[in-house]
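Report on one structure; see the data block that follows.
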Ligand code: F6P
């Protein structure tokens, strides 16, 4: 293998740049030619592919977003789109790929490998942390810290006004951001898609609020089974029927996707990027390079996207025990 390419795809996450940097520099260190594909699979189809050098990735390790840009490609879902992408790679002589992204990215990479035999190794880049085969995904730690900072600020005003806040965090169908930002901020309740939400228990506790605490923070994962933070707040408000209690909703939204990556994310991203290039050179294809228990682990794409990654049970206990 002499020429490889790297791309970022799906929702961007802080640390993707550090990962691109690690891929480019490791590849060059190993004597490979390396290319950057812009806008993920979209750029692969449109031939938006450029050679990268050591200096192409200077001064990016600390930056959020992705210098290669990202997209969610619908054309790549079609056989015609994938054929175009393959032809472009072939024209450049690209013999291996590093795909940085989440489950959508790996689903595409798996099909692409099966159809055209292009060797590809993935790096887990998503704030959601919902990928099996790695303890943490690139960007998760930064997103949790961003959410935590916002929740701390909301706590100040919630306490000042004796208000009940429902704060919605991202995570798609997973509750990892909600759980860790909830523990870190001392939230009274955390609602996640992985466990059934007991609204009656919340109502009961909020009715007794003034006996113990005067304000409350409820972190809601966007994929919760009872609905969005706003929907849940309205359900709870209707059940409580107490005009003196004030309810507010804050949706944190895309601020969770931006910002300078934390040290944890930069190190994780750099390790995964290096491991992806090493994996390609060692013939480990159609798999993701992740970190589990401090060690690099290569997990087949089928498992990364097909196997469930459970929440840490101790985390759920912490929320239950500490929020009384
Ligand atoms: O997968 C990352 C993520 O930020 C999810 O948490 C969220 O549900 C989704 O992407 C939002 O996607 P978009 O930026 O396309 O609206």
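Glycine too: its Cβ is placed from the backbone N, Cα and C atoms.
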Per TrEMBL, member of 39, 155, 172 binding ADP alongside 21, 22, 23, 24, 25, 186, 187, 188, 211, 213, 214, 215:
155
Let me know which member of 95, 222, 295 TrEMBL also records as binding substrate at the site of 126, 127, 128, 163, 170, 171, 172, 248, 254, 255, 256, 257.
222
Residue in 11, 15, 31, 36 which TrEMBL records at the ATP site where 72, 73, 102, 103, 104, 105 also bind
11
Pairwise CA distance, residue 172 (substrate binding site) versus residue 213 (ADP binding site), rounded so that it is a whole Å:
31
If you rank the binding-site residues 170, 255 by how many other Cβ atoms lie within 10 Å of their Cβ, the lowest count goes to 255
Cα-nearest neighbour of residue 73 (ATP binding site) within the listed binding-site residues, 21, 23, 128, 255
128
Just checking, which of 73, 105, 126, 215 (binding-site residues) has the fewest C-beta atoms within 10 Å of its C-beta?
215
